[in-house]
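One structure is given here, and the rest of the page talks about it.
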Amino acid sequence: MNSAKAVQKSPSLLTTNLVFIGRSLRHSLRNVESLLMAILLPIFLMLLFTYVFGGAIDTTGQYVTYVVPGIILLCAGFGSSSTAIDVATDMTNGIIDRFRTMPIRAVSVVTGHVVASVARNMLATCIVIGVALLLGFQPEAGLSDWLFALGLVVLFILTYTWLFAAIGLVTGSPAAAGGYGFVLLFLPYLSSAFVPTNTMPSWLQGFANHQPITPVIEALRALLIGGPIGNNGWIALLWCAGILLLSLIWCAVAFRMRAGRR
Amino acid sequence: MNQNAIEVKGLVKSFGKAAILKGVNLTVPSGTIFALLGPNGAGKTTLIHILSTLTKLDEGSVKVAGFDVESEQKEVKRSISLTGQFAAVDELLTGAENLRMMCRLSGLSTDDANSRTRELLRQFDLEDAADKRAKAYSGGMRRRLDLAISLVTHRPVLFLDEPTTGLDTISRRTLWEMILGLKQQGITVFLTTQYLEEADELADEIAVIHGGRIVASGTADELKSRVGGEVIELRNSQDELIGTYPTSGGLADVRQVLNSAAHAFHPDTKITIRKPSMDDVFLALTSTATKEASIS
């Protein structure tokens with residue numbers, strides 16, 4: 001006699017989400033390439049910007065302090081981009097069909113990848129800050145500043161991850177999904193992440209000052225090393241919340257198109 | 001329990017202008033194995049996707065386990081399990097983790113999930129590979145894991161889309177035994193296949209699908225008799241086919257063929273008696289279907 005039950009229960013939404021989160025976390029730990037990327041990239045970028053570019057950009061030796069928010073966002077961008085590949089893989093290899101024939105909310109499979117991405121990227125963020133401290137980063141933040149800064153970083157990671165999840169849903173293959181994220185990964189370079197925007201040509205300043213990355217960078221910088229935060233906090237929150245909302249809607253629509261009944 | 005596990009009436013489905021299913025009718029009694037036999041592009045996968053709620057139907061009615069696939073999707077989903085054409089196992093997870101995950105998603109508690117996982121690993125001979133990642137599994141092991149996943153909880157109706165395509169002979173036989181074992185448990189199995197031999201071995205009833213229509217159905221023996229009996233083939237010393245004769249396979253009939261062949265061909269001519277192959281069935285059934293279509 002086996003223990004298979006005659007009557008079927010559906011698992012709760014919470015159980016479904018927890019199972020998928022567990023699955024994606026296991027994937028993250030076992031996908032050695034992306035795990036190494038999440039750990040090594042922050043270290044290499046910190047060293048690169050501090051020791052290679054830093055001297056030329058800022059001769060006072062304090063560039064490490066200036067660049068920390070930029071490296072955090074750059075790593076978060078890279079780290080969350082693998083979500084597009086994870087989602088596209090699930091959509092193409094047939095496992096999604098099995099989930100869809102089960103009495104569960106199949107879209108939870110995407111939620112699992114998003115939560116795992118946030119976990120991976122928080123690890124990367126901690127590594128950035130840790131390496132920065134070793135290299136002479138001198139934050140001036142109090143406890144509440146740290147909490148606000150971390151909250152903003154989490155919101156930024158969530159936004160980027162859901163956006164990449166949507167890209168993974170609309171692209172045909174994992175390889176294509178990996179390619180489309182390029183534009184998003186390029187955005188931090190065209191912001192105040194690495195150099196003040198007033199050093200850029202005026203036509204570029206217009207873009208750099210008004211794209212979403214700059215207020216996030218400025219808000220983080222103000223929170224971590226002091227200085228006036230101005231409107232940057234609110235503008236950063238609005239940008240992130242707005243893009244997050246649009247990404248969620250895009251994901252819902254794309255999932256229905258991709259994995260809905262036709 | 002419903003008498004019929006699956007009832008399909010007048011099923012029509014097209015994607016854009018491409019008509020995939022053009023009026024399919026079929027009935028599968030509970031507790032039997034049903035094989036849908038057909039070449040690539042005949043509409044097998046579309047039909048199995050409609051039966052398993054993945055795809056909407058355009059016209060007709062489809063009932064699975066007594067529930068309507070359009071208006072009672074949730075009930076259908078609770079009654080079925082689908083094993084797709086490509087073994088949909090999670091490659092980065094181990095066999096045991098795959099099973100535990102699917103048990104949890106099927107509503108089992110953690111403890112029940114663990115004990116059910118152990119049972120299934122044993123039943124499908126995967127105990128030694130339980131803690132290896134599915135990526136390292138052979139084709140046969142993946143299919144066995146896939147089938148085990150379909151059985152994490154009792155589902156009265158199981159859909160298997162080309163369960164043995166790409167497997168070697170031994171793995172195929174092992175899987176066949178396991179599928180026959182499911183029937184013993186009272187599970188209705190609906191499978192698609194390109195292989196007559198597979199349908200022959202497993203199915204109580206076979207339907208042949210071609211160009212979106214069921215062109216023939218019946219038991220394996222009925223289908224073969226429609227195609228005709230065995231064939232005597234004559235080959236010359238270069239192994240080229242030089243003659244074929246239909247035969248009942250009986251002694252008198254074979255002797256008569258050989259007597260006449262002995263006058264006409266070289267003494268080195270080689271003789272084989274061949275059973276109808278999948279090709280023969282298709283050629284016979286699909287050519288009549290084309291004729292019927294052109295008359296109507």
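Yeah, the Cβs are placed from backbone N, Cα and C, and that goes for glycine too.
According to TrEMBL, the feature domain 'ABC transmembrane type-2' maps to A:33-258.
Sequence annotations record features per position, and here TrEMBL assigns transmembrane segment to A:35-57 (among others). Tertiary neighbourhood of the transmembrane segment (A:35-57): same-chain residues 28-29, 63-64, 67, 70-71, 74-75, 78-79, 82, 120-121, 123-125, 127-128, 131-132, 135, 194-195, selected by CB-CB distance under 8 Å and a gap of 6+ residues from either end.
Annotation source TrEMBL lists transmembrane segment at A:63-85 (among others).
According to TrEMBL, the feature transmembrane segment maps to A:106-134 (among others).
Sequence annotations record features per position, and here TrEMBL assigns transmembrane segment to A:146-170 (among others).
Residues of the same chain lying 6 or more positions beyond the ends of the transmembrane segment (A:177-195) and with a Cβ under 8 Å from any Cβ of it are 49, 53, 57, 67, 69-70, 73-74, 77-78, 81, 84-85, 87-88, 160, 163-164, 167-168, 171, 204, 207-208, 211-214, 217-218. Taken from TrEMBL, the feature transmembrane segment applies to A:177-195 (among others).
Annotation comment: TrEMBL describes A:234-255 (among others) as transmembrane segment.
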**Item:** For the transmembrane segment (A:106-134): best-contacting stretch of A:63-85, A:146-170, A:234-255, by Cβ pairs under 8 Å
**Value:** A:63-85
**Request:** State the residues, same chain only, that lie 6 or more residues beyond the ends of the transmembrane segment (A:146-170) and have a CB under 8 A from a CB inside it; answer 'none' if no residue qualifies.
**Result:** 72-73, 76-77, 79-88, 91, 110, 113-114, 117-118, 121-122, 125, 139, 177, 180-181, 184, 216, 219-220, 223-224, 233, 236-237, 240-241, 243-244, 247-248, 250-251, 254-255, 257-258
**Complete:** The answer for the transmembrane segment (A:234-255), taking Cβ pairs under 8 Å and residues 6+ beyond its ends, is 107, 110, 152, 155-156, 158-159, 162-163, 165-166, 169-170, 212, 215-216, 218-219
